[in-house]
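Trainee: Supplied in structure tokens, the structure appears directly below.
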Amino acid sequence: MDEHATPLLSKEQSSSSSSSVVTSSLKWVLKVVMSVIFVTWVVFLLMYPGTLCDQLLTNWRAVSSKTLYGTTGSMFLIFSGPILVISVLASLYLIISGEEKVFTKRKISKFPRFRLWTFPVLVDGPFGVVSAAEFLGILVFSVFFLWAIYAYTLRNLSLLELFHVLPNERSVLLLEVTGLRFGMIGLLCMVFLFLPISRGSVLLRLIDIPFEHATRYHVWLGHITMAFFTLHGLCYVVGWAIQGQLLKSLFEWKATGIAILPGVISLVAGLLMWVTSLHTTRKLYFELFFYTHQLYIVFVVFLALHVGDYLFSIVSGGIFLFILDRFLRFCQSRRTVDVISAKSLPCGTLELVLSKPPNMRYNALSFIFLQVRELSWLQWHPFSVSSSPLDGNHHVAVLIKVLGGWTAKLRDQLSNLYEAENQDQLISPQSYPKITTCVEGPYGHESPYHLGYENLVLVAGGIGITPFFAILSDILHRKRDGKPCLPSKVLVVWAIKNSDELSLLSAIDIPSICPSFSKKLNLEIHIYVTRQSEPLLEDGMVHKVVHPSVKPKQTNGCPMSVLVGTGDNIWSGLYLVVSTIGFIAMITLLDLFYINKYNIMTWWYRGLLFVVCMVASVLIFGGLVVVFWHRWGHKTGQGEANGNEKVYLNVEEPHNPSTAELKGLEIEEEDVQSYTTMCYGTRPDFREIFESLNGKWGSVDVGVIVCGPAALQATVAKEIRSHSICRSANHPLFHFNSHSFDL
């Protein structure tokens, strides 16, 4: 019996079997090389506090100190070089892979097959829902912290034996040495700190972890990093206070060695970011968190001035990748994007349809960051994409629930726009309301993993149903067009507070996408209205009521920019490679014609020059690639201009079906209602729901995707964990995936 069936989804068939073998072999080689480099690099970082790795590094510095790059180059090569090499190889891997995504039917197994990334291990506690892979990572870092503190303590005690000092000075020396060790552990944590927040990072795309999931790793690392940096500063402050030299030492700025004042400034900036990023503060005062977090520039620059280029090179790899991503985001976000249409649903949720170029690719479960300049020039808010890539080549739709001040202002702006459209002749062009939008993204999973399961359970809470509209539309389009599509059974569980939220269902018209869908897809929709004990009279029709849409007047707008890290693999790879080569070239020229020639030894100044080279290489060399990338996107998008105009027309003037089509649609409307189950005054019982699937679906892998608040994710994950542990041979195995924002 074959273990796998024929692949169900691929971009195109290989021209010959030999080329397919070469491609697969090359991808395998790249995977092995990247894995070896990564494992070796991580092991070295974890073992660095020990005497063995310290001795190896000392010997390496002695050998490389006489080279052009000196000890700074040796530190950069060991600590930052590997992650840049992996990034370049990852770009090559993605280019070779193209957009080919292969999903196969899985052989039914009698034994559970746990997946590290989808099996929840922890569901309660400060970390939220934690998968097996994440738990292993937490365990490794915890062991590393204990090991590092133990190893450095032994080295500190050995070091004190070499100094013959008075007893009162011995305690001060111990504090300063301990503070130095805490600072080094903080730097080792900071090596990874900026990697998860590069939204279009090639590393995240390689392992298929979207930015929304990776931000939690940045939060965890940020807490640990700032804890060690705080201990680092506290040890020195106590030591200086004992010596009676606190104020003098805090304002000291040495030319050779550690400059203390820049370190104080960097630590203060870090503490402000840390305090305002705590969950309670971020939830209640998001704008305070957002604006304070821009101090990361002060934090990084003054850290470089504090430690100099030698120690800053330890963390420069991740920071360089972040600068690459940030500059590309800046270039994309400068373009104002056309709003094709905007409307307000009866429940108060807003729908915006934005123009995009046909050559911009994205998957269902993607999201964008949106800025409306009439509301704020600084605020960017994430929203899930509610449209499928197959809905059209020229638009992206998002649903926005009015929850706070920014969204309330957007609702008011749309109301003003609707009123102005009805009084178009009475309002001057200068006073006509506008909606000027800018977009970053789309971001999301590298592969459409929802297509990797024959059976799907989609669990949503409130506005969390938005990304599932994109999933359902994607599946229905594929079923309608006869494209390979693995999912055959889909269960949607949607919990809402009040029945007025049922109007969100108007965002997707299942019968018009796929007539006779019930013959191609086993779809069940269970809706739980938790705060109503019985249905209202209008509940049966509420999802069909839609407020009129408006088309804002455009002011030099255009489609979304193709300058996004998750976009074209070749251009994004070229952007990374050219910028990296440019950075190395600038460092080489700087060492050759300035630092070595004039014997520049000032630590803080060399650290500043190092940061300037990082930024300048991205602006100059990366900017050159961005210019050609932009021109390529403009040129390839011109051929679709007529189609883009057609989309505008279709949005404003929906298609009017014929009488025969209406009859067919009426039948399908009945089918949709027949597959929808309404429950009032109760919450979903996931244990009962999952148990009911045992007899229906049998021993199969089931993809469970949850989009909603943390409490909903924890509840579902807990049931999946208990169900998987107690699973028998003929029961399905559920794989947990979450999709939520807490940015």
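Using N, Cα and C of the backbone, Cβ positions are placed for all residues, glycine too.
Annotation comment: TrEMBL describes 332-449 as domain 'FAD-binding FR-type'. If you look up TrEMBL, you'll see 28-48, 68-96, 117-150, 179-198, 219-243, 255-275, 284-304, 310-328, 456-476, 574-595, 607-629 marked as transmembrane segment.
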Trainee: Select the range from 68-96, 219-243, 607-629 that forms the most Cβ-Cβ pairs under 8 Å with the transmembrane segment (284-304).
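Mentor: If we count Cβ pairs closer than 8 Å to the transmembrane segment (284-304), 607-629 scores highest.
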Trainee: What else in the chain is close to the transmembrane segment (219-243), if you only count residues 6 or more beyond its ends and a Cβ gap under 8 Å?
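Mentor: Non-local partners: 127, 138, 141, 145, 168, 171-172, 175-176, 178-180, 182-183, 185-186, 189-190, 192-193, 196, 249-250, 263-264, 267, 270-271, 273-274, 277.
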Trainee: Do any residues of this chain, six or more beyond the ends of the transmembrane segment (607-629), have a C-beta under 8 angstroms from a C-beta of it, and if so which?
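Mentor: Answer is 72, 300-301, 304-309, 312-313, 316, 319-320, 323-324, 327-328, 331, 562-563, 568, 571, 574-575, 578-583, 585-587, 590, 595, 600.
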Trainee: By a Cβ-Cβ criterion of under 8 Å, what residues six or more beyond either terminus of the transmembrane segment (310-328) are in contact with it?
Mentor: 71-73, 75-76, 79-84, 87, 187-188, 190-195, 197-201, 203, 300, 303-304, 563-565, 575-576, 579-580, 583, 603, 606-607, 610-611, 614-615, 618-619, 622-623, 626
Trainee: For the transmembrane segment (68-96), what are the same-chain contacts with Cβ under 8 Å, counting residues 6+ beyond its ends?
Mentor: 23, 26-27, 30-31, 33-34, 37-38, 40-41, 44-45, 57, 60-61, 191, 195, 202-203, 205-206, 309-311, 313-318, 320-321, 446, 569-570, 572-573, 576-577, 580, 587-588, 591-592, 596, 606, 610
Trainee: Can you tell me which parts of the same chain pack against the transmembrane segment (574-595), counting only residues 6+ beyond its ends and a CB-CB cutoff under 8 A?
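Mentor: That would be 68-70, 73, 84, 87-88, 91, 202, 320, 324, 328, 606, 609-610, 613-614, 616-618, 620-622, 624-626, 629.
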